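Read the structure below first, then the notes.
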Amino acid sequence: MYASREDIGYDFGDDSKVRSKPIKPNPNIDGGWAWMIVLSSFLVHILIMGSQMALGILNMEWLEEFNQSRGLTAWVSSLSMGITLIVGPFIGLFISMCGCRTTAIIGGILNALGWILSAYASNVHYLFLTFGVTAGIGSGMVYLPAVVMVGQYFQKRRALAQGLSTTGTGFGAFLMTALLKYLCTEFGWRNAMFIQGAISLNLCVCGALMRPLSPKDLREKYVLRSDSEENRAKALSHSTETIKSNGVLGEEPEKKEEATNEEVLGSVQHIEIGGKSASGRSMYGLRLFKTLSQLTVTVRKGFALWYSSYFGATSLFTNRVFVAFIIWALFAYSSFVIPFIHLPEIVKQYNLSRQDNVFPLTSIIAIVHIFGKVILGIISDLPCISTWNVFLMANFTLVTCILTLPLMQTYVGLAVVCALIGFSSGYFSLMPVVTEDLVGTKHLANAYGIIICANGISALFGPPFAGWIYDITEKYDFSFYIAGLLYMVGIIFLLIQPCIQKKQPREKSTEAQV
């Protein structure tokens, strides 16, 4: 019923050349500095995703302070979560031009600024701009590089590495919930946001740890990956040849562009050498011209890669399974976000505040979420297990929990469902792995940017929709039912497309025989 990782593999040229020449692997791939990248990504998930999962605490404070409807107030949290993910494709452009390290450092400064400015909010609409937009864009500029860098530094243990790094979301949700509760009680929500802004400056340190791999190291990784997946390459040889005939895997334009860029820089260097006998002013002008030329080449190269991924011959949208993955992402994330934003209100509605104060339901989700990511990552790295199958099973479990949560009206029942939600949502650690299997390492930044953009749209409209339904019905039940059904539609798309993908080569081979 399910498609394996090999069945859905769809390559864009990263692994097309399998070399027999043995290459000494870089010690930093799957080891060495790679674990510092995991630590950096782990801290990013604590400070960004963990903080966003704890926004239910601030949401209650904003309801009390500004006395607005639940639907309108929920837009503050949704904008922050949604924009963090929606800006993914544009952050992919930044990464192509500036690299992950520079992008993350700028994002850390922007995120901290958003938190600090929000401490002076006079109304909900002010928070839309400062917390929703400013902090949201900053979060996106740090989050995507944190995920992409782990994918670049790991080959054999990708699922485990992504699982360990993304456990920061669970740790962060648990820690930040307790921290924001304490800060709001002791200092008020305004000072709490100011302090959180100061803490968020640590994102700049996380960005500084994202040391880029050299192009040589990346080439070695591609070769090693090709050698380890030789059987997969043979299985996909027919589809690869078809893509090549359409020009998708053609590397000549890139080579020509690189040659042109080298000629430009070479001519500038020649002029500079010839100008050594000229005056100091001329030398300064030549150096400035050389710097601008190098910057122009970098920007052009980055934009060309970004543009080709979306609109060129190598467009990611030619991969049908990837398109189904995008449709799934449009419905999936809201089902995970809605409980975090509205559970504190549900607990209050069911008069379970006393039990929830002892052990908050959101903390149960966060703690079990940690174990879910690690365990699902370990299972997915087993040779006999398909990452795709694990991913789908976790999705089925999560959608079942979302549909049954409104039926639970006791603390124990809600705690059990929340624990299952936390464990099954550990599939988030598999999303970068599944994405890389679909499009290859070279296109990971742009492809994952699209996926988290779709997730962002889901997160943007999910909580306000749930608040709006509550304002009409005075119940959250219908919000969970509708979100669960839409989520199920996304899962069905994931199941249908791999089956279609498998049937097409068989039909073509039958036509060839005839």
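Including glycine, each Cβ sits where the backbone N, Cα and C put it.
Note that the structure is a prediction, hence the values are computed from the model and not measured.
Per TrEMBL, these features apply:
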DOMAIN    37-502  domain 'Major facilitator superfamily (MFS) profile'
TRANSMEM  33-55  transmembrane segment
TRANSMEM  75-95  transmembrane segment
TRANSMEM  102-120  transmembrane segment
TRANSMEM  126-148  transmembrane segment
TRANSMEM  160-180  transmembrane segment
TRANSMEM  192-210  transmembrane segment
TRANSMEM  321-341  transmembrane segment
TRANSMEM  361-379  transmembrane segment
TRANSMEM  386-405  transmembrane segment
TRANSMEM  411-434  transmembrane segment
TRANSMEM  446-466  transmembrane segment
TRANSMEM  478-496  transmembrane segment
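Counting Cβ pairs closer than 8 Å to the transmembrane segment (478-496), the top stretch among 33-55, 126-148, 160-180, 321-341, 386-405 is 321-341. Here the transmembrane segment (160-180) lies next to the transmembrane segment (411-434) in space: the count of CB pairs under 8 Å, restricted to residues six or more apart, reaches at least 3.
Averaged across the domain 'Major facilitator superfamily (MFS) profile' (37-502), pLDDT for the predicted model comes to 77.
Sequence-distant contacts of the transmembrane segment (361-379), counting only residues of its own chain at least 6 positions beyond either end whose CB sits under 8 Å from a CB of the stretch, comprise 50, 53-54, 56, 159-164, 166-167, 169-174, 177-178, 339-340, 343-344, 347, 385, 390, 394, 414-415, 418-430.
Tallying C-beta pairs under 8 angstroms between the transmembrane segment (446-466) and each of 33-55, 192-210, 321-341, 411-434 places 321-341 first. Taking residue pairs at least 6 apart in sequence, the transmembrane segment (33-55) and the transmembrane segment (75-95) share three or more C-beta contacts under 8 angstroms.
Tertiary neighbourhood of the transmembrane segment (321-341): same-chain residues 8, 10, 53, 55-56, 59, 74, 77-78, 81, 85, 173, 362, 365, 395, 398-399, 402, 405, 418, 421, 425, 434-435, 438-439, 447, 450-452, 454-459, 461-463, 465-466, 479-480, 483-484, 486-487, 489-491, 493-494, 496-498, 501, selected by CB-CB distance under 8 Å and a gap of 6+ residues from either end.
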